[in-house]
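Peer 1: What TrEMBL records for this protein is below:
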type     : residues                                                       : note
ACT_SITE : Asp81                                                          : active site, proton donor
BINDING  : His82, His184, His212                                          : Zn(2+) 1 binding site
BINDING  : Asp103, Glu133                                                 : Zn(2+) 2 binding site
BINDING  : Gly185, Gly213, Gly214, Ser215, Asn234, Tyr235, Tyr236, Thr237 : dihydroxyacetone phosphate binding site
Amino acid sequence: MLTNLRDICAIAEQNNMALAAVNSASLEAVRAAIDVAEQTGYPIIIQHAEAHEGVVPLKTIAPAVVALAERSSAQICINLDHCEHLSYAQRALDLGFNGVMFDGSTLPYEQNVEYSRRAAEMCVEYGAGLECELGSMGSREGGERDEGGTAEEAGAIYTDPDQAADFVKGTGLDILACSFGTVHGIYRGEPHLNFDVLEQIRKRIKVPLVMHGGSGVSDDDYRSAIDAGIRKINYYTYGAKYAGEAVRSVIDDRTKQGSDAIVYWHDMTVAAYESFVQTFGHVVKVFANGAAPLA
Ligand code: 13P
C-alpha cells in the first residue's frame, strides 16, 4: 500500500527508528525492496533519482513501481530522489510518486528556499511529502563511479543548525536532508560523522532528519545517527556494488567451465535480486533500531 513521505517518516519518528530509502534503478532492486518490506514487517521507501534517468527512464520504472507498491501488503513510499528540475518533479507526481526530494543544495540560499517552496506547493496539490536539502553533500548522487572519498574531499558543507529553522519555515518542507559527514559513493577510509551537528539541528527543529550517503556507514554509526534524530537513510552505492559482485561471480563460475560456456542474462538477474534481498534485509533490520516489526 502507498504511504506518503511525510506519513511514513512520522511512523519512523514514533518508533525511534529510521526507514531504508533504497534507490532502485532496476526491477531486481524494486522487487527486492518490496519483498524485504513484506518479509520483515517494516515500511520501506523506494527511490528513483533524476540522475538515473539514463539508467532507466522515469516513464518506464514509475508505472511498474507504483503498481507493485499499490498491491503490496507493506507500507511503501515512492520518492523522487535528488530532483533538480520542478518539471521532472511534476512528471513523477503525475505518474504516482508520493514523495519528492527537491535538491537545491547547490543554489544560493535564497534560491534554494524559493524553489523548495515551489516544490512544496506542488506536493501539497498531490498529497505527497517533500524532502529538501540544506548544506551540501559535495559529491553528487549518480556521479562518477569513484566519486566519494571523505566529506572534506567531496567538498561537503555541513548543515548550519541556525539556518535550518529558517529553512524549514521558509520552504514548508516535511523532512530535512542534512550534511554531517556522509558522502555519496564509495568511501575512501572510515566515514567520520559529526553527531553534534545533528543534535544541534534537532534542538532547533522538529521535522524528521535524513541521512544521504548512507551506504558504507557502520552499523554502530547508523544506530548513533538514529538516536540523534535520523529517520530516513538513503542507501544505494554499496547495495549496487554487492549486486555487481554477485553477477561477477556468476560470470566467473561459468568461465571456469570453459571459455565458450554460455552466460545467460537471467542467471545474472537472479544473482542481483538475491544480493539486493540480503543487503536490504540487513539494513532494514539495523535501521529498525530495536523497534518491533510494524506489520
Ligand atoms: P550512497 O551513495 O551512500 O548509497 O547514498 C545514496 C543516496 O544518498 C541517495 O540519495
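Here the Cβ of each residue, glycine as well, is placed from N, Cα and C on the backbone.
I'd like to know what surrounds each of these features in this structure.
Peer 2: Secondary structure from DSSP puts Asp81 (active site, proton donor) in a beta strand.
Over all protein chains present, the Cβ of His184 (Zn(2+) 1 binding site) has 26 other Cβ atoms lying within 10 Å.
For Asp103 (Zn(2+) 2 binding site), the same-chain residues lying six or more positions away in sequence with a CB closer than 8 A to its CB are His82, Cys83, Glu84, Cys132, Glu133, Ala177.
Long-range C-beta contacts of Tyr235 (dihydroxyacetone phosphate binding site), restricted to its own chain and to partners at least six residues apart, with a cutoff below 8 Å, comprise Ala20, Ala21, Val22, Asn23, Gly214, Ser215, Phe280, Val283.
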Peer 1: Near Asn234 (dihydroxyacetone phosphate binding site), which residues of its chain come within a Cβ-Cβ distance under 8 Å, counting only those 6 or more away in sequence?
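Peer 2: Within the chain, Asn234 (dihydroxyacetone phosphate binding site) has Cβ neighbours under 8 Å at Ala21, Asn23, Gln47, Asp81, Val210, Met211, His212, Gly213, Gly214.
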Peer 1: Express the distance between the Cα positions of His184 (Zn(2+) 1 binding site) and Thr237 (dihydroxyacetone phosphate binding site) as a whole number of Å.
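Peer 2: So the alpha carbons of His184 (Zn(2+) 1 binding site) and Thr237 (dihydroxyacetone phosphate binding site) sit roughly 8 Å from each other.
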